[in-house]
Every structure is written in structure tokens, then in C-alpha cells.
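**Q** Handing you a structure now.
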Amino acid sequence: MPFGSFKLNDGTEIPAIAFGTGSTMKGTDVTQYVEQALEHGFSHIDTAAYYQTEKYVGKAIREEGLKRSDMYITTKFMQMGIKQVDLYLIHNPRTVPGTIEEAWKEFEKIKEDGLSKSIGVSNFNLEQLQQLVKVAKVKPVVNQISFNPYNWKDIKELVKYSDSQGIITEAYSSLTPITRTPGGPVDPVLKSIGLRLGATPAQVIFSWVKSKGAVIVTTTTKVDRLHEYLEVADLPELTPEEVAAIEEAGAKGAPSGILITAVERLGEVDRSKFLIFLIAFLVTCYFTFQWDLSR
């Protein structure tokens with residue numbers, strides 16, 4: 001059974017799962033991986049100028065020879081050599097020159113000129129999204145955010161507000177409990193639910209994201225993973241008790257939760273600055289400690 005799609009507030013539809021070209025793929029030639037994703041069932045490709053993968057996405061699309069109508073393309077800038085994208089996003093409010101209102105007027109013009117069918121945002125927090133909705137003539141159709149069991153307590157009000165405004169949430173970094181913070185309180189819950197469903201921990205997380213009505217944005221270089229993720233569409237729905245158990249475990253915090261939460265709350269562009277600061281801080285602490293020992 002295919003994943004299906006969500007109806008957006010402008011009348012268009014968005015596929016419920018996307019192959020992303022950010023994360024570990026940033027700055028690399030992703031042509032073969034995009035082609036692989038398209039060949040194995042993905043129709044929604046997500047890219048951005050910041051990822052430095054747009055030209056490779058364009059190359060993969062041309063090489064695959066698929067009809068443009070058979071694909072859904074999301075980007076945060078346009079360098080792909082195609083006349084129109086399906087969804088164009090403000091990547092991060094922290095990088096917007098001027099005000100959010102001024103930037104959004106430019107995006108509304110992009111939609112009016114037919115360069116993108118839909119427009120939306122990414123990495124907006126609750127206050128920023130509320131501010132935008134107040135001034136927008138054209139409401140954003142999506143907000144793409146970091147979305148996983150460990151940051152759910154921080155984003156649930158944002159997701160609730162988005163739902164109330166007809167704004168679809170797109171979820172990235174949902175596999176954080178597996179890929180970045182294994183060994184935390186969410187792990188045994190995923191395993192237990194997985195035994196009932198006959199599913200992997202990753203499939204259980206994506207089933208949880210799916211239960212929230214969010215679009216899944218994920219990535220992998222492996223064909224078996226592509227199939228694993230797409231097969232989530234065939235799994236039984238989680239029970240309300242299972243959804244609650246995942247969220248209760250997530251609320252306990254990830255291993256090294258303070259640092260992980262701090263990074264997850266930052267927009268992608270600012271994470272590198274945070275990590276540079278963190279490394280410098282730890283190095284300073286190390287040498288200070290060594291100096292103290294030598295006294």
C-alpha cells in the first residue's frame with residue numbers, strides 16, 4: 001500500500017513521505033541516492049541550497065526521465081534547472097535578511113509568479129509561526145521541523161497550533177533516538193511495540209510520526225532501508241497507549257539530554273556555530289583541568 005498524501009491548505013497535495021538530501025548527505029554528490037530513492041518508490045524529494053545538493057537532485061531527475069507530474073520537489077532555493085518546484089520554503093528564520101514579513105512577501109510573489117506551486121517555512125518556532133500567520137496574505141502550507149520523541153515535549157504546542165491553522169508539519173531527524181542517542185528510555189518502548197507489530201525500531205518511530213499527521217522526511221544510502229521506511233505504510237496503526245508510552249519515555253530525556261536538546265532546538269544553520277563553541281569550551285576545560293593537576 002502506498003504512503004498516500006496530505007491535502008495542503010492551498011488545495012494541492014503533498015506526499016506523506018520524502019527522501020531528504022540533507023543530514024549526512026550535505027555537500028556530496030547525491031545523484032545515485034536520489035535515483036535509487038525514485039526507483040524504489042519515493043516520489044517526494046527534499047533539498048535546499050544549504051545542503052549543496054540541488055544540482056545533483058536536478059541531475060537525477062533528468063537522468064531518471066520521469067514525468068515532472070510524477071514527482072514532488074521541495075527546496076529552500078532554486079538551482080535545479082527545472083521551471084517550477086512544488087514547495088518552496090524559508091529554510092530558517094534566523095537567516096532571513098530583514099523581517100519575516102518582508103521575506104514572506106517575496107515568497108508570496110514567487111507563488112504568484114508560478115515559480116512554486118506552494119510556499120512554506122522550516123525551523124519556525126511557535127512565536128515565529130504565529131507572527132507570520134498574522135501578516136501573511138498567503139498562509140504557509142507547511143512548517144518543516146526537527147521532530148522526535150525526545151523533543152516532542154518542546155514542539156507539541158507548535159504542532160498543535162499548526163494543526164489549528166491547517167499548516168502541515170514536516171518531520172526531520174525523527175530517528176534521533178536510534179542514530180544519535182541510542183541507549184535511552186525510548187529504546188525499550190520501541191522494542192516492545194516492534195514485537196507486537198513485527199516492526200523495526202525505525203518503523204515504530206515513523207509510525208508514531210505518522211500518527212501525528214506529519215510528513216516524514218528521511219534519508220539513507222541503502223536500498224533495504226528505503227524499503228523498510230516505505231513499508232511503514234502497511235503497518236497497523238499504533239494504539240493510543242503506545243503513542244503515549246513513546247511520548248512518556250521521550251519526556252524523560254535522551255542520554256546526554258542537555259546537549260542534545262540544545263542542539264535540536266537550534267536551526268540547522270546555527271548548529272555548526274553551537275558545535276564550534278562547544279568544542280572550544282571543552283578544549284578550554286581540558287587544558288584548565290590539566291593545568292590544575294600540574295600545580
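The first residue you see is number 1, and the count goes up from there.
The backbone N, Cα and C atoms fix where each Cβ goes, glycine too.
Quick paste of what TrEMBL says about this protein:
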- 19-78: domain 'NADP-dependent oxidoreductase' (DOMAIN)
- Tyr51: active site, proton donor (ACT_SITE)
- Lys76: site 'Lowers pKa of active site Tyr' (SITE)
- 80-249: domain 'NADP-dependent oxidoreductase' (DOMAIN)
- His91: substrate binding site (BINDING)
- 274-291: transmembrane segment (TRANSMEM)
**Q** Do me a favour and check the Cα-Cα span between Tyr51 (active site, proton donor) and His91 (substrate binding site); whole Å is fine.
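**A** If we compare the Cα positions of Tyr51 (active site, proton donor) and His91 (substrate binding site), the gap is 11 Å.
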**Q** Distance between the residue listed as 'substrate binding site' and Lys76 (site 'Lowers pKa of active site Tyr') at the Cα atoms, whole Å?
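**A** Cα of the residue listed as 'substrate binding site' to Cα of Lys76 (site 'Lowers pKa of active site Tyr') measures 6 Å after rounding.
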**Q** Give the number of CB atoms, excluding that of the residue listed as 'substrate binding site' itself, located within 10 Å of its CB.
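**A** For the residue listed as 'substrate binding site', the count of other Cβ atoms within 10 Å is 22.
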**Q** Quick one: mean pLDDT on the domain 'NADP-dependent oxidoreductase' (80-249)?
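**A** Averaging the confidence scores along the domain 'NADP-dependent oxidoreductase' (80-249) gives 96.
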